[in-house]
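Read through the structure below, which is laid out as structure tokens, and then see the notes.
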Amino acid sequence: MTDTHSTGPFIAAIDQGTTSSRCIVFDKDGRIVSVDQKEHEQILPKPGWVEHDAAEIWTNVQEVVSGALEKAGITRSDVKALGITNQRETTLLWDKATGEPVHNALVWQDTRTDALCKELGRNVGQDRFRRETGLPLAAYFAGPKIRWLLDNVEGLRERAERGELLFGTMDSWVIWNLTGGTEGGVHVTDVTNASRTMLMNLQSLQWDAKICESMGVPMSVLPEIRSSSEVYGEAKGELAGVPVASALGDQQAALFGQTCFAPGEAKSTYGTGTFLLLNTGEEAVNSYNGLLTTVGYQIGDQKPVYALEGSIAVTGALVQWMRDQMGLINSAAEIETLASSVEDNGGAYFVPAFSGLFAPYWRSDARGVMAGLTRYVTKAHIARAVLEATAWQTREIVDAMQKDSGVELTSLKVDGGMTSNNLLMQTMSDFLDAPVVRPLVAETTCLGAAYAAGLAVGFWPDTEALRVNWKRAAEWTPRMEAAQRDREYKNWLKAVERTMGWIEEEN
Amino acid sequence: MARTIQSLERAAAALRLLAGGERRLGLSEIASTLGLAKGTTHGLIRTLQQEGFVEQDEATGKYTLGAELLRLGNSYLDVHELRARALVWTDDLARSSGESVYLGVLHQQGVLIVHHVFRPDDSRQVLEVGAMQPLHSTALGKVLSAYDPVAHSEAADGRREAFTEATRTGLGEFEKLLDLTRARGWSADVEETWEGLASIAAPIHDRRRMPVGAVGITGAVERVCEDAEGEVHAVRARLVAAVRDCARAVSRDLGAGRF
């Protein structure tokens, strides 16, 4: 980099993600000073099972923190605070006395608790705990994963009941180790991570004793629930003395990094899949349209801010599928070249319900469909239909959010790899009939963790100061006629209809 | 007919021998088939190997066609790939310079804008992706004309319209500007295309050192240039350095070596 970065002080953020751990150092303007990253092993013992070695992750976290500081040419005294963001729901139990994990962490994608979740639904079904927790009983969430470990790993339940074990999502594991581990490490989690366990009551922001009982999770293993932005403790070891001052689940961190601080502001992160979060303010909005209710963030002793969340399972993954399985393009970026070679979709629609339809439909019997094919359709039309699929699915989630919350979306802030696709961003704006805006710093997840940590130690005075840092890098505005949009949306919905009921009998 | 070059004919014969399916041949097999001495054949194959046209299997020592041959027929860099690679660096350039950033490639007789990052203030701006700029007067266009022979002939042979009083329309003065661009590694446009605006641009090279595009900033002449009373404005050195750094970073991302 050319121009002189401010000489500090700085905030460091750790992003403990699904495939790698990263550390990014930010300056006061929210600019990236340095990045270090290290991947960890994906352990796949059986189809549908995904595990991580938590000891490896902790080693990697220490390495990337040192690496990022070294690349920035700074020492711990230049770092005013350390923030943490993490893959959500990934579940770990470890021994309080030795600090050793008692089993690999069960990763959020792991589906081994599918049957257990059905069983936990009893006669009520998947919404048994939705009113309290905002979540349906699904394999992602941490509570049933704890139960699975206690039931299936020899001796764990007894050890848990004797108070020898600690549970944590990756934020808790990293913070406990950073603050000393067996030598006085603090055992905490933040409200956003706790809201993904299915064990926290969304209103009281405390563990729900009844649900813990029903789930078979002894409350002695649970960490203390704290806000997302406060000093949990001081780091020991290499970063000795640096306040550990924030924790946010990755999607919530992106919401924070995009400075979506007002009700009605939403962000959408386009990666392999897509996660859309809408700030609903101090009200936890119940969803009747298949979305999740979750905590967006809580700053210190201020009131919590809630969010509605919708996810799309297959977005970037569909482009990868076109590249790897279909061989129609050589690189992901080429999808835009191919799609741009035609004016429209030529009547073709592609609904990538590869493993069923998710929000807002939740139909596991659906499978992918290409509809409207004629001899006229070329691979370029299919490429266009691929991009339109991501845009329409975004529209469906936005519609569901507006129905649930009554909040009109004014603009959508986007981040993630697919934002480099100009045609997709324009199509999204056309289909949503709202501006789509890309911020100048793409690393919104780490930035969110840094912001929350910086607020906690007074590095930034308030959220207004953070808004000033947010800069618009690009904006796409709608250009499509309303009549055309309506006609296309109707066709898309017809195509969606045709995916349903493909799988006749589960199992 | 002009004399042909024997070693090139032999190289072509060797490539043909290796072409077609998954063919792996040892040195002596190639030598005997071509009817050449082993030493001659070795020199031939080693040269082809250095150019990437032939690869040697480490385990067996046998030779196959190299990946470079595939790239020859498919060397065009997808502009969307270029944008994806440039995204992080152009964002950083917008932030460090405070100006809007443009990434351009040669398209027909002009510069096609394939990526645009807004100036990081709160003003309303319109995305200019897909717009065309002239080759002979803009910083992006002059960089492309200086480094890409196809762009050069388009600009040199085409009509060079005078957009402002500062536009250089004569061929001689235009060529001089390109010489200067090549010598410095960057180009500027101070009110040569638009009154009140100045730009700075630098070339992006791919892994074969081919010029594939140009990246630059554009802003108000008062911000981009030093204060120089009544004199020809000089662009700020700090901004030139930022633009060149960005161009180098994108080039590195595309596999170009340090330079």
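Including glycine, each Cβ sits where the backbone N, Cα and C put it.
Copied from TrEMBL, the annotated features are:
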type: BINDING; residues: A:Thr18, A:Thr19, A:Ser20, A:Thr272, A:Gly316, A:Gln320, A:Gly417; note: ATP binding site
type: BINDING; residues: A:Thr18, A:Arg22, A:Thr272, A:Gly316, A:Gly417, A:Asn421; note: ADP binding site
type: BINDING; residues: A:Thr18, A:Arg88, A:Glu89, A:Tyr140, A:Asp250; note: sn-glycerol 3-phosphate binding site
type: BINDING; residues: A:Arg88, A:Glu89, A:Tyr140, A:Asp250, A:Gln251; note: glycerol binding site
type: DOMAIN; residues: A:11-257; note: domain 'Carbohydrate kinase FGGY N-terminal'
type: DOMAIN; residues: A:267-456; note: domain 'Carbohydrate kinase FGGY C-terminal'
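Mapped onto this structure are the features recorded in TrEMBL.
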residue: A:Thr18; record: ATP binding site; Cβ neighbours (10 Å): 18
residue: A:Ser20; record: ATP binding site; Cβ neighbours (10 Å): 14
residue: A:Arg22; record: ADP binding site; Cβ neighbours (10 Å): 24
residue: A:Arg88; record: sn-glycerol 3-phosphate binding site; Cβ neighbours (10 Å): 26
residue: A:Glu89; record: sn-glycerol 3-phosphate binding site; Cβ neighbours (10 Å): 25
residue: A:Asp250; record: sn-glycerol 3-phosphate binding site; Cβ neighbours (10 Å): 25
residue: A:Thr272; record: ATP binding site; Cβ neighbours (10 Å): 17
residue: A:Gly316; record: ATP binding site; Cβ neighbours (10 Å): 19
residue: A:Gln320; record: ATP binding site; Cβ neighbours (10 Å): 15
residue: A:Asn421; record: ADP binding site; Cβ neighbours (10 Å): 24
Count of other CB atoms lying within 10 Å of the CB belonging to A:Tyr140 (sn-glycerol 3-phosphate binding site): 22
Candidates A:Arg88, A:Glu89, A:Tyr140, A:Asp250, A:Asn421, namely the binding-site residues, that fall within 10 Å of A:Gln320 (ATP binding site) by Cα distance: none
Cα-Cα distance linking A:Asn421 (ADP binding site) and A:Thr272 (ATP binding site), given in Å to the nearest integer: 14
Distance, A:Arg88 (sn-glycerol 3-phosphate binding site) to A:Thr19 (ATP binding site) (CA atoms, angstrom): 12
Chain-internal residues, separated by at least six, CB under 8 A from A:Gly417 (ATP binding site): A:Tyr270, A:Gly271, A:Gly316, A:Ala332
Fewest other C-beta atoms within 10 angstroms, as judged across A:Thr19, A:Gln251, which are the binding-site residues: A:Thr19
Filtered A:Thr18, A:Arg88, A:Gln251, A:Gln320, A:Asn421 - binding-site residues with C-beta under 8 A from chain B: A:Asn421
Chain-mates of A:Arg88, A:Glu89, A:Tyr140, A:Asp250, A:Gln251 with C-beta within 8 Å of site centroid, glycerol: A:Gln87, A:Thr90, A:Trp108, A:Arg196, A:Gly249
Candidates A:Thr18, A:Ser20, A:Arg22, A:Arg88, A:Glu89, A:Asn421 (binding-site residues) with Cα within 10 Å of A:Gln251 (glycerol binding site): A:Arg88
Using Cα positions only, nearest of the binding-site residues to A:Glu89 (sn-glycerol 3-phosphate binding site) (A:Thr18, A:Ser20, A:Arg22, A:Asn421): A:Thr18
Spatial separation of A:Asn421 (ADP binding site) from A:Tyr140 (sn-glycerol 3-phosphate binding site) - C-alpha basis, Å: 30
Residues A:Thr18, A:Thr19, A:Ser20, A:Thr272, A:Gly316, A:Gln320, A:Gly417 [recorded ATP binders]: greatest CA to CA distance in Å: 20
Conformational class of A:Gln320 (ATP binding site) under the three-state DSSP mapping: helix
Rounded Cα-Cα span from A:Asn421 (ADP binding site) to A:Thr18 (ATP binding site), Å: 24
Spatial separation of A:Asn421 (ADP binding site) from A:Arg88 (sn-glycerol 3-phosphate binding site) - C-alpha basis, Å: 27
Between A:Ser20 (ATP binding site) and A:Asn421 (ADP binding site): CA-CA distance (Å): 24
